[in-house]
Amino acid sequence: MFVDFLRSLFRLRKTNVSILLLLTYLTVGLIYFYDHEHYKHVTPEQSRFKDAPQLVEDAWLNLQNITYSYHPYFSRDNNRVHDYLLNKIEAIAQRSVHVSVSDDASNNRSVLLRNSFVDGGAVYFESSNIVVKIEGKNTDLPGLLLSAHYDGVPTSHGATDDGKGVVSLLGILDHYSRHQPERTLVFNFNNNEEFGLLGAVAFMEHPWSKLVHYVINLEGTGIGGKAVLFRTSDVSTAKIYQNAVKSNPFGNSLFQQGFYEGGVGSETDYRIYESNGLRGFDIAFYKPRDLYHTTKDSVQYTSREALWHMFHTAWQLTEYIAREPIDNDDDFTPAVFFDVAGLFFFSTSSKTLFKWCCVILVVLPVIAFNFDVISFSQKRSSYNQRHRWGVSIRLPLSFASSLLLLRFTERLLSSHNTFILSRGHLTPLIALATEFILSNYLILSFFEYLLPTRDFKTTALRQVAILTWIVLFVCTMKLYKSEYKYTGIYGIVILYSFVSLAGIIGLFGRVLKGNISRESTDNKGDSSRPYGSHGVDEEQQRSGTSAIEESAGNLEDSNNEGPLDVSTTNNSEHIDAEERAPLLGSNPPSVADQPGITNTLKIKAVSVVNYDWSLQFLIAVPITTFIVFGCVDLGLDALKQTIQEGAVATVHVWNLVFLGGILLTLPVLPFAYKFNYLTAMSFLVAFATTLSLCFLQSPFTEGAPLKVRFSQEININNGTDAIVNVYGRKGGFLQPMLQDLPSVKQMSKDVWCQDELNGMERCLYVGYQPNPLDSQRPVSTEDIFSLKVVSNDKNDHDRSRYAPINAELEINVRENRGCTLWFKNQHLDRPPVRQLTVRHSDNTSDLIKSSQGFTQLQLHKLDFDQQKYRVGIQWLPKILLMDGQEDEDNDQLDMQVTCYWGEYDSESLVNGQHLRKLPAFDELLQYSPLNVSYANRDRGLLTITQSIEL
């Protein structure tokens with residue numbers, strides 16, 4: 001009974017293959033569920049930090065207070081958050097002599113410098129960073145910077161971006177104020193990250209920036225979940241993370257590659273720190289992106305568990321760096337890293353990975369080729385060349401046909417319900433993966449029915465290995481050409497290595513069986529009889545048939561891939577002496593009973609090798625499926641909602657789904673013809689269900705909404721109408737929604753839409769007039785914004801026509817913190833503006849020059865009561881810029897000035913009435929469908945623009 005059980009358990013038969021496959025998918029699914037849920041059950045009480053429970057409760061309370069209202073840099077509530085943090089920090093500092101506080105706002109710190117994000121740009125910024133230093137016991141050690149920004153965008157409460165980072169830093173500051181670290185810690189609670197990373201820029205001008213060498217930057221580009229290690233400087237810092245974060249590590253160099261390639265549109269303060277020579281870690285929440293920068297980035301939509309994950313990760317890192325000695329033998333090569341279900345974290349040098357890729361790309365094919373040569377030489381005398389080609393072309397034909405079908409389905413899906421990915425990526429991914437595997441199953445099973453064969457799986461594994469070898473070769477070349485920054489290829493390395501190894505095991509089995517078969521033939525002479533089989537599956541054979549009843553002469557043919565002999569012998573049923581043979585036979589005969597065999601152990605060796613299929617499956621399928629699914633899932637989870645940001649991203653993400661469906665099923669294809677009926681039906685049901693959902697479900701829900709962007713603009717040159725601009729993806733979503741607004745219907749307003757670049761659309765209509773400030777009379781545009789040319793020597797007769805032209809512009813604005821000046825360069829190859837001066841109320845000024853010229857100047861000030869900017873502009877006459885072509889009457893400078901207001905969720909007292917600051921935006925929020933969310937289009941929700949000539 002037990003022997004029969006073992007025989008049935010280890011045969012290559014449909015039931016066994018199907019069970020192993022379903023167990024693989026079940027295991028991957030359970031690990032996936034564990035990975036996404038386990039962090040919620042790791043409580044502060046389980047931490048090695050004794051004060052963690054209280055600090056987390058304090059952090060949650062601080063988060064609630066910080067996110068009480070919208071607090072972008074361009075709002076008065078930004079000052080409230082600054083003052084709240086400063087009071088908390090000063091209270092902590094008073095308890096320790098090791099803590100020092102520097103408030104940029106109190107110290108009137110400002111910078112005027114080139115804008116690295118804008119070609120020809122300059123930026124003036126008045127900082128209100130709060131910088132804190134905890135003096136370490138050993139001041140000779142390079143310090144650690146911890147950074148987070150406390151500003152938000154006008155449409156977001158900023159709970160995740162970046163409230164959780166800020167309150168995590170407060171908690172860590174509180175802890176180390178009472179437990180002095182070995183290494184000096186510097187905290188940068190910075191302001192105005194959202195519009196230029198300016199808080200980080202200002203910090204690099206602070207004296208304490210010279211104390212730090214490492215940085216931990218906390219950020220949020222989603223609203224919850226786990227905080228991921230987006231990127232790290234090099235393999236040395238990746239090893240620090242690996243050694244430090246033992247509880248729930250979460251990081252993947254796929255994200256890092258996305259940043260290197262520009263696939264991620266957002267940037268963080270980490271970029272500024274890294275460009276200034278700091279090494280460290282960029283840790284952030286990354287999903288869901290359609291709630292990022294919207295009103296749902298609030299405490300209501302996040303959790304203590306998410307806060308604790310970021311807090312705990314940053315704390316573990318800080319503890320390790322602050323307390324432990326760090327090896328000075330630094331490796332600055334980019335790192336390849338990933339975690340395994342939050343249990344383990346792996347990291348290595350991308351240069352090391354490149355070397356391993358080179359070895360793998362050479363060694364594994366050479367080994368496989370040698371086994372191929374040996375196997376071919378063993379069977380060439382009886383080899384059926386025609387049948388070999390019949391076996392060899394099965395998978396390529398099946399793969400190509402299924403690929404075309406899959407591409408057709410993907411195109412049909414992406415055209416019929418383009419944005420279904422925004423709702424969720426798993427449904428389309430499962431639909432395409434199950435379709436691909438079903439198609440291959442049907443085609444390969446049909447081939448097997450027409451012409452049964454032995455050991456197709458090894459041939460197929462070799463072909464899959466060749467395909468993945470090509471992919472790995474291309475990725476390896478990209479890794480080298482990118483200076484080892486192509487750090488997301490580890491999944492392809494694992495896929496090729498394991499599939500290739502499984503194929504080599506099959507080839508080794510062929511060779512071993514071929515050697516024993518040849519010895520058997522030599523000993524037996526001509527006494528061997530032909531091998532017979534009906535080519536049926538093991539489920540159709542009876543256990544009463546003994547393995548050794550197949551005489552040793554049958555082994556002659558066991559090495560062949562030729563067609564099964566369907567002629568019957570005296571025994572009407574035979575067990576394959578190949579991969580379908582039983583592991584143990586009933587009542588095995590003695591050696592004397594087998595005149596052609598001199599060693600019974602050889603028969604048992606062949607029997608064991610006949611079960612190499614299980615080893616091949618376990619090597620080729622479970623691990624590769626888990627790793628590849630993890631890579632595809634992470635990539636799609638991060639990028640799926642970028643399809644709302646442009647047509648290019650849409651194509652890229654759908655291609656990723658297409659490739660993901662193929663990569664997930666590649667290791668299974670060699671075994672697909674061995675699926676049983678129930679497994680095939682399970683795939684069919686999964687395919688039909690997920691495909692139907694993809695076609696029938698709405699792409700947008702309240703939890704996964706359509707994300708559109710809002711701004712209201714008054715262009716003084718075109719009149720005083722306040723034009724509402726709503727930006728979103730083209731697809732007929734915006735215009736019907738806007739036409740249903742009460743103000744549009746009641747006043748018979750026109751809503752006109754126009755195509756923008758990259759598949760976007762902009763719809764406009766005349767909205768309610770804004771009320772950005774208090775006034776005792778109705779507010780006009782001139783009360784809010786006006787321009788005055790204080791001086792201009794362009795037409796001064798004392799100025800040589802070759803001399804630079806100087807002018808001074810006064811921008812009068814109320815309740816304002818930011819403006820931008822654009823200098824237009826019509827008919828010129830080079831920007832004419834070469835010098836900019838920002839004058840202050842105390843008669844001091846900041847000046848910046850450039851021989852390359854300026855195209856833009858951003859102005860950021862702190863004082864709402866300061867109602868004007870004064871800017872000096874110097875530009876060259878066109879006679880110096882047009883290769884000697886004189887144009888004396890055309891030396892004016894064309895420029896445009898735009899100023900921003902970021903508040904909407906409050907009222908202004910106008911002419912004795914309480915009026916909402918931005919009623920047009922209120923109306924959109926009130927009457928838009930629940931499956932629509934709003935983010936800001938510009939720096940402010942309200943912009944006023946005027947173009948002038950100097």
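All residue numbers here begin at 1 and follow the chain in the order shown.
Backbone N, Cα and C define each Cβ position, glycine as well.
Confidence annotation: the topological domain 'Cytoplasmic' (1-14) carries a mean pLDDT of 67 in the model. Look at Swiss-Prot and you will find 1-14 (among others) tagged as topological domain 'Cytoplasmic', backed by similarity to another entry.
Beyond its flanks by at least six residues, the transmembrane segment (15-35) meets 8-9, 341-342, 539, 613-614, 617-618, 621-622, 625-626, 629, 633, 668, 671, 674-676, 678-679, 682 of its own chain at Cβ-Cβ distances under 8 Å. According to Swiss-Prot, the feature transmembrane segment maps to 15-35 (among others).
For ASP161 (Zn(2+) 2 binding site), the count of additional Cβ atoms within 10 Å of its Cβ stands at 27 [all protein chains shown]. In the three-state DSSP classification, ASP161 (Zn(2+) 2 binding site) falls within a helix. Swiss-Prot lists ASP161, GLU194, HIS293 with the feature Zn(2+) 2 binding site.
Marked as site 'Transition state stabilizer' by Swiss-Prot: TYR292. Under DSSP, TYR292 (site 'Transition state stabilizer') is assigned to coil, being neither helix nor strand in the three-state scheme. Residue environment of TYR292 (site 'Transition state stabilizer') contains 24 other Cβ atoms, counted within 10 Å of its Cβ in all protein chains.
Nonlocal intrachain contacts for the transmembrane segment (356-376), taken as residues 6+ away from its ends with a CB within less than 8 angstroms of a stretch CB, comprise 383, 462, 465, 469, 472-473, 475-476, 479, 489, 493, 496-497, 500-501, 503-504, 507-508, 510-511, 514, 559. Here Swiss-Prot flags 356-376 (among others) as transmembrane segment, drawing on sequence analysis.
The topological domain 'Cytoplasmic' annotation in Swiss-Prot covers 377-386 (among others).
Remote same-chain partners of the transmembrane segment (387-409), defined as residues 6 or more beyond its termini with a Cβ less than 8 Å from a stretch Cβ, comprise 431-432, 435-436, 439-440, 443-444, 447, 451, 453, 456, 459-460, 463-464, 561-563, 658, 661-662, 669-670, 691. As annotated by Swiss-Prot, transmembrane segment applies to 387-409 (among others), with the evidence given as sequence analysis.
If you look up Swiss-Prot, you'll see 427-447 (among others) marked as transmembrane segment, on the strength of sequence analysis. Among residues of the same chain six or more beyond the transmembrane segment (427-447), those with a C-beta under 8 A of the stretch's C-beta atoms are 394-395, 397-399, 401-403, 405-406, 409-410, 413, 420-421, 456, 632-633, 636, 657-658, 660-662, 664-665, 668-669, 672-673, 675, 680, 683-684, 686-687, 690-691, 693-694, 697.
Look at Swiss-Prot and you will find 448-459 (among others) tagged as topological domain 'Cytoplasmic', backed by similarity to another entry.
Remote same-chain partners of the transmembrane segment (460-480), defined as residues 6 or more beyond its termini with a Cβ less than 8 Å from a stretch Cβ, comprise 350, 353-354, 357-358, 360-361, 364-365, 368, 372, 392, 394-396, 486-487, 489, 492-493, 495-496, 499-500, 502-503, 506-507, 616, 620, 666-667, 669-670. The feature transmembrane segment is assigned by Swiss-Prot to 460-480 (among others), with sequence analysis given as support.
Non-local neighbours of the transmembrane segment (488-508) in the same chain are 252-254, 256-258, 336, 338, 353, 356-357, 360, 364-365, 367-368, 371-372, 375, 455, 457-458, 461-462, 464-465, 468-469, 471-472, 475-476, 478-479, 612, 615-617, 619-620, 623-624, 627-628, 630-631, 663, 666-667; each lies 6+ residues outside the stretch with a CB under 8 Å from one of its CB atoms. Positions annotated as transmembrane segment by Swiss-Prot: 488-508 (among others).
Residues or ranges marked as topological domain 'Cytoplasmic' by Swiss-Prot on the basis of similarity to another entry: 509-614 (among others).
Under the heading compositional bias 'Polar residues', Swiss-Prot lists 556-570.
Positions annotated as transmembrane segment by Swiss-Prot: 615-635 (among others).
Annotation source Swiss-Prot lists transmembrane segment at 653-673 (among others). Counting only same-chain residues 6+ beyond the ends of the transmembrane segment (653-673), those with a CB under 8 A from a CB of the stretch are 17, 21, 395, 398-399, 403, 406-407, 410, 413-414, 421, 425, 428-429, 431-433, 435-437, 440-441, 444-445, 447-448, 456-461, 464, 467-468, 491, 495, 498-499, 613, 616-617, 620-621, 624-625, 628-629, 632, 635-636, 639-640, 642-643.
Marked as transmembrane segment by Swiss-Prot: 675-695 (among others).
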For HIS293 (Zn(2+) 2 binding site), the number of other Cβ atoms found within 10 Å of its own Cβ: 26
GLU194 (Zn(2+) 2 binding site), number of other Cβ atoms within 10 Å: 24
Cα-to-Cα gap, GLU194 (Zn(2+) 2 binding site) vs TYR292 (site 'Transition state stabilizer'), nearest whole Å: 12
TYR292 (site 'Transition state stabilizer') to ASP161 (Zn(2+) 2 binding site) - Cα separation in whole Å: 8
The topological domain 'Cytoplasmic' (448-459): DSSP-derived helix, strand, coil residue counts: 7 helix, 0 strand, 5 coil
